[in-house]
Ligand code: FAD
Ligand code: NAI
(Lines of atoms letter the chains of each structure in order from A and count residues from 1; the text may use other names and numbers.)
(Lines give C-alpha, C1' and ligand atoms only; values in the text may rest on other atoms or scores of the structure.)
(Ligands and ions follow the chains in the order given, each with its own letter.)
Protein backbone atom coordinates (compact mmCIF):
# COMPACT_ATOMS: atom_id res chain seq x y z
CA UNK A 1 0.00 0.00 0.00
CA UNK A 2 1.45 3.40 -0.90
CA UNK A 3 1.83 6.11 1.73
CA UNK A 4 -0.87 8.72 2.22
CA UNK A 5 0.04 11.78 0.21
CA UNK A 6 -0.42 15.41 1.36
CA UNK A 7 0.53 18.74 -0.15
CA UNK A 8 1.79 19.95 3.21
CA UNK A 9 2.74 18.25 6.45
CA UNK A 10 3.26 20.30 9.59
CA UNK A 11 5.37 18.73 12.34
CA UNK A 12 4.25 20.14 15.70
CA UNK A 13 0.84 21.52 16.68
CA UNK A 14 1.91 24.37 18.95
CA UNK A 15 0.69 27.89 18.11
CA UNK A 16 3.10 28.00 15.16
CA UNK A 17 2.19 24.62 13.72
CA UNK A 18 -1.56 24.47 14.22
CA UNK A 19 -2.08 27.98 12.86
CA UNK A 20 0.16 27.22 9.85
CA UNK A 21 -1.86 24.04 9.18
CA UNK A 22 -5.18 25.90 9.32
CA UNK A 23 -3.97 28.73 7.07
CA UNK A 24 -2.51 26.24 4.55
CA UNK A 25 -5.83 24.35 4.49
CA UNK A 26 -7.72 27.64 3.98
CA UNK A 27 -5.50 28.26 0.95
CA UNK A 28 -6.58 24.96 -0.63
CA UNK A 29 -3.70 22.61 0.27
CA UNK A 30 -4.33 19.11 1.59
CA UNK A 31 -2.71 19.30 5.03
CA UNK A 32 -1.58 16.91 7.75
CA UNK A 33 -0.42 18.03 11.18
CA UNK A 34 1.54 15.72 13.48
CA UNK A 35 1.97 16.26 17.21
CA UNK A 36 3.31 13.98 19.92
CA UNK A 37 1.99 15.71 23.07
CA UNK A 38 -0.26 13.41 25.14
CA UNK A 39 -2.67 14.26 27.94
CA UNK A 40 -2.82 12.33 31.23
CA UNK A 41 -5.03 9.68 29.58
CA UNK A 42 -2.66 9.21 26.64
CA UNK A 43 -4.88 11.08 24.20
CA UNK A 44 -3.69 13.87 21.92
CA UNK A 45 -3.09 17.30 23.48
CA UNK A 46 -2.37 19.68 20.58
CA UNK A 47 -1.38 23.25 21.34
CA UNK A 48 2.26 22.65 22.27
CA UNK A 49 4.12 24.32 25.09
CA UNK A 50 1.83 27.33 24.86
CA UNK A 51 -1.37 25.43 25.56
CA UNK A 52 -0.09 22.64 27.80
CA UNK A 53 2.68 24.09 29.96
CA UNK A 54 3.10 27.71 28.89
CA UNK A 55 0.95 30.72 28.03
CA UNK A 56 -2.47 29.30 28.83
CA UNK A 57 -1.93 27.45 32.15
CA UNK A 58 0.36 30.20 33.46
CA UNK A 59 -2.26 32.84 32.73
CA UNK A 60 -4.95 30.68 34.36
CA UNK A 61 -2.88 30.45 37.56
CA UNK A 62 -1.91 34.12 37.39
CA UNK A 63 -5.62 35.00 37.25
CA UNK A 64 -6.61 32.65 40.08
CA UNK A 65 -3.76 33.74 42.32
CA UNK A 66 -4.56 37.40 41.65
CA UNK A 67 -8.18 36.82 42.70
CA UNK A 68 -6.90 35.20 45.89
CA UNK A 69 -4.57 38.09 46.61
CA UNK A 70 -7.30 40.65 45.92
CA UNK A 71 -9.75 38.81 48.17
CA UNK A 72 -7.14 38.82 50.93
CA UNK A 73 -5.74 42.32 50.55
CA UNK A 74 -7.54 44.58 48.05
CA UNK A 75 -11.26 43.92 48.58
CA UNK A 76 -11.35 45.56 52.04
CA UNK A 77 -10.52 48.95 50.49
CA UNK A 78 -13.63 48.55 48.29
CA UNK A 79 -15.74 47.91 51.38
CA UNK A 80 -15.88 44.16 50.86
CA UNK A 81 -14.93 42.20 53.95
CA UNK A 82 -14.00 38.60 53.32
CA UNK A 83 -14.19 36.34 56.34
CA UNK A 84 -12.70 32.85 56.44
CA UNK A 85 -10.72 33.18 53.22
CA UNK A 86 -8.93 29.94 52.39
CA UNK A 87 -7.02 28.50 49.49
CA UNK A 88 -8.19 25.36 47.69
CA UNK A 89 -5.06 24.76 45.61
CA UNK A 90 -6.39 21.46 44.28
CA UNK A 91 -9.39 23.24 42.75
CA UNK A 92 -7.15 26.01 41.38
CA UNK A 93 -4.92 23.47 39.61
CA UNK A 94 -7.99 21.51 38.43
CA UNK A 95 -9.47 24.67 36.89
CA UNK A 96 -6.15 25.37 35.15
CA UNK A 97 -6.18 21.81 33.74
CA UNK A 98 -9.76 22.31 32.52
CA UNK A 99 -8.78 25.53 30.74
CA UNK A 100 -5.91 23.64 29.07
CA UNK A 101 -8.23 20.80 28.00
CA UNK A 102 -10.73 23.30 26.52
CA UNK A 103 -7.91 24.68 24.38
CA UNK A 104 -6.68 21.18 23.35
CA UNK A 105 -10.22 20.25 22.31
CA UNK A 106 -10.68 23.57 20.54
CA UNK A 107 -7.67 22.87 18.32
CA UNK A 108 -8.91 19.36 17.45
CA UNK A 109 -12.26 20.94 16.52
CA UNK A 110 -10.52 23.57 14.35
CA UNK A 111 -8.58 20.81 12.55
CA UNK A 112 -11.86 19.05 11.72
CA UNK A 113 -13.53 22.29 10.67
CA UNK A 114 -10.65 23.13 8.32
CA UNK A 115 -10.14 19.55 7.07
CA UNK A 116 -6.63 19.25 8.50
CA UNK A 117 -5.75 15.56 9.06
CA UNK A 118 -4.28 15.17 12.54
CA UNK A 119 -1.79 12.43 13.47
CA UNK A 120 -0.83 11.74 17.09
CA UNK A 121 2.80 10.67 17.45
CA UNK A 122 6.32 11.84 16.76
CA UNK A 123 7.03 12.85 13.17
CA UNK A 124 10.51 12.27 11.73
CA UNK A 125 12.07 12.58 8.30
CA UNK A 126 12.44 9.01 7.04
CA UNK A 127 14.66 9.93 4.11
CA UNK A 128 15.46 12.58 1.55
CA UNK A 129 12.78 13.85 -0.84
CA UNK A 130 11.70 11.43 -3.59
CA UNK A 131 9.20 11.78 -6.42
CA UNK A 132 6.34 11.88 -3.91
CA UNK A 133 8.03 14.41 -1.66
CA UNK A 134 9.44 13.89 1.81
CA UNK A 135 8.58 10.64 3.61
CA UNK A 136 7.63 11.39 7.23
CA UNK A 137 7.43 8.48 9.66
CA UNK A 138 4.95 8.88 12.50
CA UNK A 139 5.44 6.90 15.73
CA UNK A 140 2.72 5.27 17.87
CA UNK A 141 -0.15 5.67 18.36
CA UNK A 142 -0.55 6.73 14.71
CA UNK A 143 2.20 4.43 13.42
CA UNK A 144 2.35 5.21 9.73
CA UNK A 145 4.43 6.96 7.11
CA UNK A 146 3.04 9.81 5.03
CA UNK A 147 4.48 11.85 2.17
CA UNK A 148 4.37 15.57 1.49
CA UNK A 149 5.85 17.91 -1.10
CA UNK A 150 6.21 20.65 1.51
CA UNK A 151 7.06 20.35 5.20
CA UNK A 152 6.75 22.95 7.96
CA UNK A 153 8.83 22.21 11.05
CA UNK A 154 7.23 23.72 14.17
CA UNK A 155 8.70 21.57 16.91
CA UNK A 156 9.14 24.33 19.49
CA UNK A 157 11.49 24.46 22.46
CA UNK A 158 12.32 22.88 25.83
CA UNK A 159 13.33 24.41 29.15
CA UNK A 160 17.09 24.78 29.55
CA UNK A 161 18.52 23.05 32.62
CA UNK A 162 21.54 24.26 34.58
CA UNK A 163 24.56 22.15 33.65
CA UNK A 164 24.65 19.02 35.85
CA UNK A 165 21.25 19.79 37.40
CA UNK A 166 18.52 18.02 35.43
CA UNK A 167 14.86 18.77 36.15
CA UNK A 168 13.21 16.14 38.36
CA UNK A 169 9.91 18.14 38.42
CA UNK A 170 9.59 17.36 42.15
CA UNK A 171 12.23 19.58 43.71
CA UNK A 172 13.95 21.10 40.68
CA UNK A 173 11.20 22.39 38.44
CA UNK A 174 10.98 23.57 34.86
CA UNK A 175 7.88 25.45 33.75
CA UNK A 176 6.08 22.09 33.67
CA UNK A 177 6.61 21.39 37.37
CA UNK A 178 6.18 25.05 38.34
CA UNK A 179 2.60 24.91 37.01
CA UNK A 180 1.68 21.80 38.98
CA UNK A 181 3.01 22.20 42.53
CA UNK A 182 0.65 20.32 44.84
CA UNK A 183 1.01 22.36 48.03
CA UNK A 184 2.27 25.91 48.45
CA UNK A 185 6.03 25.74 49.22
CA UNK A 186 6.98 27.88 52.23
CA UNK A 187 10.32 28.78 50.63
CA UNK A 188 10.50 28.90 46.85
CA UNK A 189 13.71 29.57 44.97
CA UNK A 190 13.75 30.81 41.39
CA UNK A 191 16.89 30.91 39.26
CA UNK A 192 16.55 33.44 36.43
CA UNK A 193 14.64 36.74 36.77
CA UNK A 194 13.24 36.52 33.23
CA UNK A 195 9.66 36.22 32.05
CA UNK A 196 8.93 32.78 33.54
CA UNK A 197 10.75 33.51 36.80
CA UNK A 198 8.73 36.67 37.38
CA UNK A 199 5.37 35.24 36.28
CA UNK A 200 5.68 31.97 38.22
CA UNK A 201 7.35 33.72 41.16
CA UNK A 202 4.33 36.06 41.30
CA UNK A 203 1.86 33.16 41.27
CA UNK A 204 3.47 31.36 44.21
CA UNK A 205 4.18 34.56 46.16
CA UNK A 206 0.50 35.48 45.93
CA UNK A 207 -0.43 32.03 47.20
CA UNK A 208 1.83 32.41 50.23
CA UNK A 209 5.39 31.37 49.34
CA UNK A 210 8.43 33.37 50.35
CA UNK A 211 10.01 33.75 46.90
CA UNK A 212 13.73 34.37 46.36
CA UNK A 213 14.86 35.07 42.81
CA UNK A 214 18.53 34.60 41.90
CA UNK A 215 19.54 36.30 38.65
CA UNK A 216 22.92 35.94 36.97
CA UNK A 217 23.09 39.35 35.31
CA UNK A 218 23.77 42.53 37.26
CA UNK A 219 20.82 44.30 35.57
CA UNK A 220 17.11 43.59 36.03
CA UNK A 221 15.05 42.87 32.88
CA UNK A 222 17.78 44.03 30.49
CA UNK A 223 15.54 43.84 27.40
CA UNK A 224 12.94 46.15 28.95
CA UNK A 225 13.13 49.96 28.77
CA UNK A 226 15.34 50.97 31.74
CA UNK A 227 12.82 53.38 33.24
CA UNK A 228 10.09 50.70 33.13
CA UNK A 229 12.43 48.00 34.47
CA UNK A 230 13.40 50.26 37.38
CA UNK A 231 9.73 50.84 38.22
CA UNK A 232 9.05 47.09 37.95
CA UNK A 233 11.95 46.29 40.31
CA UNK A 234 10.61 48.78 42.85
CA UNK A 235 7.05 47.44 42.67
CA UNK A 236 7.94 43.72 42.72
CA UNK A 237 10.30 44.23 45.66
CA UNK A 238 7.54 46.11 47.53
CA UNK A 239 5.21 43.16 46.87
CA UNK A 240 7.69 40.90 48.64
CA UNK A 241 9.66 39.26 45.82
CA UNK A 242 13.30 39.07 46.90
CA UNK A 243 15.25 39.81 43.70
CA UNK A 244 18.98 39.18 43.88
CA UNK A 245 21.02 40.31 40.89
CA UNK A 246 24.56 39.38 39.86
CA UNK A 247 24.44 35.89 41.41
CA UNK A 248 26.84 33.20 40.26
CA UNK A 249 25.15 29.87 40.88
CA UNK A 250 27.37 27.12 42.32
CA UNK A 251 26.46 23.68 43.65
CA UNK A 252 22.83 22.59 43.82
CA UNK A 253 22.12 19.62 46.07
CA UNK A 254 18.81 17.94 46.73
CA UNK A 255 17.72 16.40 50.02
CA UNK A 256 14.55 14.36 50.59
CA UNK A 257 12.31 17.43 50.70
CA UNK A 258 14.49 20.40 49.92
CA UNK A 259 17.11 21.87 47.62
CA UNK A 260 20.27 23.66 48.69
CA UNK A 261 21.61 26.35 46.36
CA UNK A 262 25.08 27.70 46.85
CA UNK A 263 25.96 30.90 45.04
CA UNK A 264 28.23 33.91 45.07
CA UNK A 265 26.31 37.16 45.46
CA UNK A 266 26.95 40.48 43.70
CA UNK A 267 29.44 41.49 46.42
CA UNK A 268 31.43 38.30 45.80
CA UNK A 269 30.31 36.72 49.07
CA UNK A 270 29.50 33.02 49.28
CA UNK A 271 25.84 32.29 50.09
CA UNK A 272 23.85 29.15 50.71
CA UNK A 273 20.04 28.92 50.82
CA UNK A 274 17.72 25.98 51.35
CA UNK A 275 14.43 25.98 49.44
CA UNK A 276 11.41 23.64 49.50
CA UNK A 277 11.28 23.81 45.70
CA UNK A 278 13.45 25.43 43.04
CA UNK A 279 12.22 26.74 39.69
CA UNK A 280 14.96 27.00 37.08
CA UNK A 281 13.91 29.47 34.37
CA UNK A 282 17.07 30.43 32.51
CA UNK A 283 15.79 30.32 28.94
CA UNK A 284 14.79 27.64 26.46
CA UNK A 285 16.52 25.53 23.83
CA UNK A 286 15.18 24.62 20.37
CA UNK A 287 13.64 21.16 20.08
CA UNK A 288 14.86 19.06 17.17
CA UNK A 289 14.94 15.80 19.16
CA UNK A 290 14.07 12.77 17.06
CA UNK A 291 13.12 14.85 14.04
CA UNK A 292 15.49 13.01 11.71
CA UNK A 293 17.26 16.24 10.73
CA UNK A 294 20.42 14.28 9.89
CA UNK A 295 18.53 11.73 7.76
CA UNK A 296 17.08 14.48 5.59
CA UNK A 297 20.22 16.67 5.61
CA UNK A 298 18.45 19.54 7.39
CA UNK A 299 20.91 22.25 8.48
CA UNK A 300 20.90 23.49 12.08
CA UNK A 301 22.75 26.61 13.20
CA UNK A 302 25.56 26.64 15.80
CA UNK A 303 23.03 26.99 18.66
CA UNK A 304 20.88 24.05 17.48
CA UNK A 305 18.06 26.09 15.93
CA UNK A 306 16.83 25.04 12.48
CA UNK A 307 18.68 27.43 10.17
CA UNK A 308 16.27 29.59 8.15
CA UNK A 309 16.37 32.70 5.98
CA UNK A 310 14.13 35.76 6.47
CA UNK A 311 11.26 33.86 4.81
CA UNK A 312 11.60 30.80 7.13
CA UNK A 313 13.06 28.67 4.29
CA UNK A 314 15.52 25.96 5.40
CA UNK A 315 18.38 24.57 3.30
CA UNK A 316 16.03 21.84 1.94
CA UNK A 317 13.71 22.70 -0.96
CA UNK A 318 10.08 22.81 0.21
CA UNK A 319 11.03 22.58 3.91
CA UNK A 320 10.24 25.55 6.15
CA UNK A 321 10.63 26.12 9.90
CA UNK A 322 8.83 28.50 12.27
CA UNK A 323 8.35 29.47 15.91
CA UNK A 324 10.61 28.66 18.86
CA UNK A 325 12.72 26.20 16.81
CA UNK A 326 14.07 29.10 14.70
CA UNK A 327 15.78 32.43 15.51
CA UNK A 328 13.84 35.36 16.94
CA UNK A 329 11.78 35.89 20.07
CA UNK A 330 10.22 32.79 21.64
CA UNK A 331 6.64 34.04 21.66
CA UNK A 332 3.42 32.32 20.66
CA UNK A 333 2.21 35.20 18.49
CA UNK A 334 5.58 35.35 16.68
CA UNK A 335 5.22 31.62 15.92
CA UNK A 336 1.66 32.19 14.65
CA UNK A 337 2.68 35.10 12.43
CA UNK A 338 5.44 32.99 10.87
CA UNK A 339 3.00 30.09 10.38
CA UNK A 340 0.54 32.25 8.46
CA UNK A 341 3.32 33.90 6.43
CA UNK A 342 4.83 30.53 5.41
CA UNK A 343 1.45 29.09 4.36
CA UNK A 344 0.87 32.18 2.24
CA UNK A 345 4.36 32.00 0.69
CA UNK A 346 3.72 28.35 -0.22
CA UNK A 347 0.62 29.55 -2.05
CA UNK A 348 2.65 32.14 -3.97
CA UNK A 349 1.44 35.04 -1.84
CA UNK A 350 3.56 37.63 -0.05
CA UNK A 351 3.51 36.42 3.55
CA UNK A 352 4.56 39.14 5.96
CA UNK A 353 6.11 39.13 9.44
CA UNK A 354 7.18 42.46 10.90
CA UNK A 355 9.73 41.79 13.66
CA UNK A 356 9.73 45.50 14.58
CA UNK A 357 6.13 45.43 15.76
CA UNK A 358 5.99 42.20 17.75
CA UNK A 359 4.61 43.08 21.17
CA UNK A 360 6.05 41.65 24.39
CA UNK A 361 4.03 41.19 27.57
CA UNK A 362 5.05 40.07 31.04
CA UNK A 363 1.89 39.09 32.90
CA UNK A 364 2.95 40.18 36.37
CA UNK A 365 0.92 42.62 38.41
CA UNK A 366 1.23 45.27 37.21
CA UNK A 367 1.69 43.95 33.70
CA UNK A 368 4.61 45.08 31.56
CA UNK A 369 4.13 45.43 27.80
CA UNK A 370 6.12 47.03 25.05
CA UNK A 371 6.60 47.30 21.32
CA UNK A 372 9.45 48.80 19.33
CA UNK A 373 12.72 50.15 20.63
CA UNK A 374 13.66 51.08 24.20
CA UNK A 375 15.24 54.39 25.18
CA UNK A 376 18.61 52.66 25.68
CA UNK A 377 18.39 51.09 22.20
CA UNK A 378 17.60 54.45 20.59
CA UNK A 379 20.61 55.98 22.36
CA UNK A 380 22.83 53.10 21.20
CA UNK A 381 21.49 53.49 17.64
CA UNK A 382 22.20 57.23 17.73
CA UNK A 383 18.56 58.13 16.98
CA UNK A 384 17.35 61.56 18.08
CA UNK A 385 14.07 61.01 19.95
CA UNK A 386 11.50 62.68 22.18
CA UNK A 387 10.01 60.88 25.19
CA UNK A 388 6.65 61.37 26.88
CA UNK A 389 5.32 59.58 29.95
CA UNK A 390 2.00 59.58 31.77
CA UNK A 391 1.42 57.93 35.17
CA UNK A 392 -1.68 55.81 35.85
CA UNK A 393 -1.91 57.74 39.13
CA UNK A 394 -3.43 60.58 37.08
CA UNK A 395 -5.90 58.35 35.20
CA UNK A 396 -9.49 58.34 36.49
CA UNK A 397 -10.25 54.75 35.49
CA UNK A 398 -7.09 53.48 37.20
CA UNK A 399 -8.14 55.29 40.39
CA UNK A 400 -11.62 53.75 40.18
CA UNK A 401 -10.05 50.33 39.67
CA UNK A 402 -7.77 50.88 42.64
CA UNK A 403 -4.72 50.13 40.53
CA UNK A 404 -2.68 53.26 39.90
CA UNK A 405 0.82 51.83 39.68
CA UNK A 406 2.98 52.39 36.63
CA UNK A 407 2.95 54.53 33.52
CA UNK A 408 2.74 54.68 29.73
CA UNK A 409 5.82 55.88 27.90
CA UNK A 410 6.08 56.99 24.28
CA UNK A 411 9.30 57.36 22.29
CA UNK A 412 9.00 59.27 19.02
CA UNK A 413 11.44 60.42 16.36
CA UNK A 414 12.64 63.95 17.20
CA UNK A 415 12.31 65.13 13.60
CA UNK A 416 9.29 63.26 12.18
CA UNK A 417 7.37 62.40 15.41
CA UNK A 418 7.01 58.78 14.16
CA UNK A 419 6.42 56.42 17.10
CA UNK A 420 9.56 54.34 17.69
CA UNK A 421 8.58 52.53 20.87
CA UNK A 422 5.81 52.34 23.45
CA UNK A 423 6.40 50.93 26.92
CA UNK A 424 3.76 50.31 29.53
CA UNK A 425 3.82 49.12 33.11
CA UNK A 426 0.40 49.14 34.67
CA UNK A 427 -3.07 47.61 34.74
CA UNK A 428 -4.11 45.76 31.56
CA UNK A 429 -0.88 46.71 29.78
CA UNK A 430 -1.32 43.52 27.70
CA UNK A 431 -4.50 44.95 26.17
CA UNK A 432 -3.35 48.58 25.96
CA UNK A 433 -0.28 47.70 23.91
CA UNK A 434 -2.41 46.72 20.89
CA UNK A 435 -3.14 50.36 20.10
CA UNK A 436 0.59 51.05 19.97
CA UNK A 437 1.18 48.03 17.71
CA UNK A 438 -1.49 49.22 15.27
CA UNK A 439 -0.07 52.73 15.37
CA UNK A 440 3.45 51.52 14.63
CA UNK A 441 2.27 49.19 11.82
CA UNK A 442 0.66 52.24 10.20
CA UNK A 443 3.75 54.35 10.92
CA UNK A 444 1.70 56.76 13.00
CA UNK A 445 3.14 59.78 14.76
CA UNK A 446 2.67 60.50 18.46
CA UNK A 447 0.49 63.41 17.34
CA UNK A 448 -1.84 60.94 15.54
CA UNK A 449 -2.55 59.12 18.81
CA UNK A 450 -2.82 62.40 20.69
CA UNK A 451 -5.57 63.55 18.30
CA UNK A 452 -7.66 60.35 18.43
CA UNK A 453 -10.74 60.35 20.70
CA UNK A 454 -10.31 57.80 23.52
CA UNK A 455 -13.26 56.69 25.66
CA UNK A 456 -13.60 58.22 29.12
CA UNK A 457 -12.98 56.92 31.68
CA UNK A 458 -10.62 54.30 30.30
CA UNK A 459 -7.04 53.19 30.87
CA UNK A 460 -6.41 53.95 27.20
CA UNK A 461 -6.62 57.66 28.02
CA UNK A 462 -3.20 57.19 29.64
CA UNK A 463 -1.92 56.14 26.20
CA UNK A 464 -3.33 59.29 24.61
CA UNK A 465 -1.88 61.44 27.41
CA UNK A 466 1.57 59.83 27.03
CA UNK A 467 1.40 60.68 23.32
CA UNK A 468 0.52 64.27 24.30
CA UNK A 469 3.43 64.23 26.74
CA UNK A 470 5.82 63.77 23.80
CA UNK A 471 4.87 67.35 22.87
CA UNK A 472 4.83 68.40 26.55
CA UNK A 473 1.09 69.13 26.55
CA UNK A 474 -0.61 66.60 28.81
CA UNK A 475 -4.08 67.70 29.86
CA UNK A 476 -4.49 65.75 33.09
CA UNK A 477 -1.02 65.86 34.62
P1 FAD B 1 5.56 24.71 20.86
O2 FAD B 1 4.42 25.44 21.46
O3 FAD B 1 6.68 24.32 21.72
O4 FAD B 1 4.96 23.46 20.13
C5 FAD B 1 5.74 22.49 19.53
C6 FAD B 1 4.94 21.21 19.47
O7 FAD B 1 5.63 20.29 18.63
C8 FAD B 1 4.77 20.50 20.80
O9 FAD B 1 3.43 20.10 20.97
C10 FAD B 1 5.68 19.28 20.71
O11 FAD B 1 5.20 18.17 21.45
C12 FAD B 1 5.60 18.99 19.23
N13 FAD B 1 6.72 18.25 18.68
C14 FAD B 1 8.05 18.49 18.84
N15 FAD B 1 8.77 17.63 18.09
C16 FAD B 1 7.88 16.83 17.46
C17 FAD B 1 8.00 15.77 16.53
N18 FAD B 1 9.20 15.38 16.09
N19 FAD B 1 6.88 15.17 16.10
C20 FAD B 1 5.66 15.58 16.54
N21 FAD B 1 5.49 16.58 17.39
C22 FAD B 1 6.58 17.21 17.84
N23 FAD B 1 4.48 33.18 24.75
C24 FAD B 1 3.63 34.21 24.59
O25 FAD B 1 3.57 34.77 23.49
N26 FAD B 1 2.82 34.64 25.61
C27 FAD B 1 2.86 34.06 26.83
O28 FAD B 1 2.12 34.46 27.72
C29 FAD B 1 3.75 32.98 27.03
N30 FAD B 1 3.80 32.37 28.23
C31 FAD B 1 4.65 31.31 28.40
C32 FAD B 1 4.73 30.73 29.65
C33 FAD B 1 5.59 29.67 29.87
C34 FAD B 1 5.64 29.03 31.24
C35 FAD B 1 6.38 29.18 28.79
C36 FAD B 1 7.28 27.99 28.98
C37 FAD B 1 6.32 29.76 27.54
C38 FAD B 1 5.46 30.85 27.34
N39 FAD B 1 5.40 31.50 26.11
C40 FAD B 1 4.55 32.56 25.95
C41 FAD B 1 6.21 31.06 24.96
C42 FAD B 1 5.35 30.19 24.03
O43 FAD B 1 4.82 29.10 24.76
C44 FAD B 1 6.18 29.69 22.86
O45 FAD B 1 6.81 30.79 22.23
C46 FAD B 1 5.30 28.99 21.85
O47 FAD B 1 4.66 27.89 22.44
C48 FAD B 1 6.12 28.51 20.64
O49 FAD B 1 5.27 27.89 19.75
P50 FAD B 1 5.79 26.77 18.74
O51 FAD B 1 4.59 26.38 17.94
O52 FAD B 1 6.99 27.22 18.05
O53 FAD B 1 6.25 25.55 19.66
P1 NAI C 1 14.26 34.50 29.84
O2 NAI C 1 15.24 34.57 28.74
O3 NAI C 1 13.09 35.40 29.83
O4 NAI C 1 14.99 34.76 31.23
C5 NAI C 1 16.06 33.97 31.66
C6 NAI C 1 16.79 34.72 32.76
O7 NAI C 1 17.69 33.82 33.36
C8 NAI C 1 17.59 35.91 32.25
O9 NAI C 1 17.35 37.02 33.05
C10 NAI C 1 19.03 35.41 32.33
O11 NAI C 1 19.96 36.45 32.54
C12 NAI C 1 18.94 34.47 33.51
N13 NAI C 1 19.96 33.43 33.52
C14 NAI C 1 20.43 32.71 32.48
N15 NAI C 1 21.34 31.82 32.91
C16 NAI C 1 21.46 32.00 34.25
C17 NAI C 1 22.23 31.37 35.25
N18 NAI C 1 23.09 30.38 34.97
N19 NAI C 1 22.10 31.79 36.53
C20 NAI C 1 21.25 32.80 36.86
N21 NAI C 1 20.48 33.43 35.94
C22 NAI C 1 20.58 33.03 34.65
O23 NAI C 1 13.84 32.96 29.91
P24 NAI C 1 12.64 32.22 30.65
O25 NAI C 1 12.09 33.05 31.75
O26 NAI C 1 13.14 30.86 30.93
O27 NAI C 1 11.54 32.12 29.54
C28 NAI C 1 11.86 31.54 28.27
C29 NAI C 1 11.12 32.23 27.19
O30 NAI C 1 9.76 31.85 27.21
C31 NAI C 1 11.09 33.75 27.31
O32 NAI C 1 12.25 34.34 26.81
C33 NAI C 1 9.93 34.08 26.46
O34 NAI C 1 10.32 34.10 25.12
C35 NAI C 1 8.99 32.91 26.70
N36 NAI C 1 7.97 33.30 27.67
C37 NAI C 1 7.13 34.31 27.34
C38 NAI C 1 6.18 34.73 28.23
C39 NAI C 1 5.31 35.87 27.86
O40 NAI C 1 5.28 36.23 26.70
N41 NAI C 1 4.58 36.44 28.79
C42 NAI C 1 6.00 34.09 29.53
C43 NAI C 1 6.97 33.07 29.78
C44 NAI C 1 7.89 32.68 28.86
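Including glycine, each Cβ sits where the backbone N, Cα and C put it.
Per TrEMBL, domain 'FAD/NAD(P)-binding' is recorded for 6-339.
According to TrEMBL, the feature disulfide bond maps to 50-55. The Cβ of residue 55 (disulfide bond) lies under 8 Å from the Cβ of 15, 332, each of which sits 6+ residues away along the same chain. DSSP assigns residue 55 (disulfide bond) to a helix in the three-state reduction.
Sequence annotations record features per position, and here TrEMBL assigns FAD binding site to 59, 123, 155, 156, 157, 324, 330, 331, 332, 333.
In the three-state DSSP scheme, residue 192 (NAD(+) binding site) falls into the coil class. In this view, residue 192 (NAD(+) binding site) is surrounded by 22 other Cβ atoms within 10 Å of its Cβ, with every protein chain counted. Marked as NAD(+) binding site by TrEMBL: 192, 193, 194, 195, 196, 197, 198, 199, 215, 283.
Residues of the domain 'Pyridine nucleotide-disulphide oxidoreductase dimerisation' (358-467) grouped by DSSP class, helix first, strand second and coil last, total 41 helix, 33 strand, 36 coil. Taken from TrEMBL, the feature domain 'Pyridine nucleotide-disulphide oxidoreductase dimerisation' covers 358-467.
If you look up TrEMBL, you'll see 456 marked as active site, proton acceptor. Its Cβ placed at the centre, residue 456 (active site, proton acceptor) has 10 other Cβ atoms within 10 Å.
When secondary structure is read from DSSP and collapsed to three states, residue 330 (FAD binding site) falls in the coil class. Under 6 Å, Cβ to nearest atom of ligand 1: this is the test, and of the recorded positions 192, 194, 198, 215, 456 it is passed by none. Among the recorded positions 50, 59, 155, 157, 198, 332, no residue has its Cβ under 6 Å from any atom of ligand 2. When the Cα atoms are compared, residue 157 (FAD binding site) and residue 50 (disulfide bond) turn out to be 10 Å apart. Within the same chain, the residues at least 6 positions away from residue 155 (FAD binding site) whose Cβ sits under 8 Å from its Cβ are 11, 12, 17, 286, 287, 288, 289, 291, 325, listed in sequence order.
Confidence annotation: the domain 'Pyridine nucleotide-disulphide oxidoreductase dimerisation' (358-467) carries a mean pLDDT of 98 in the model.
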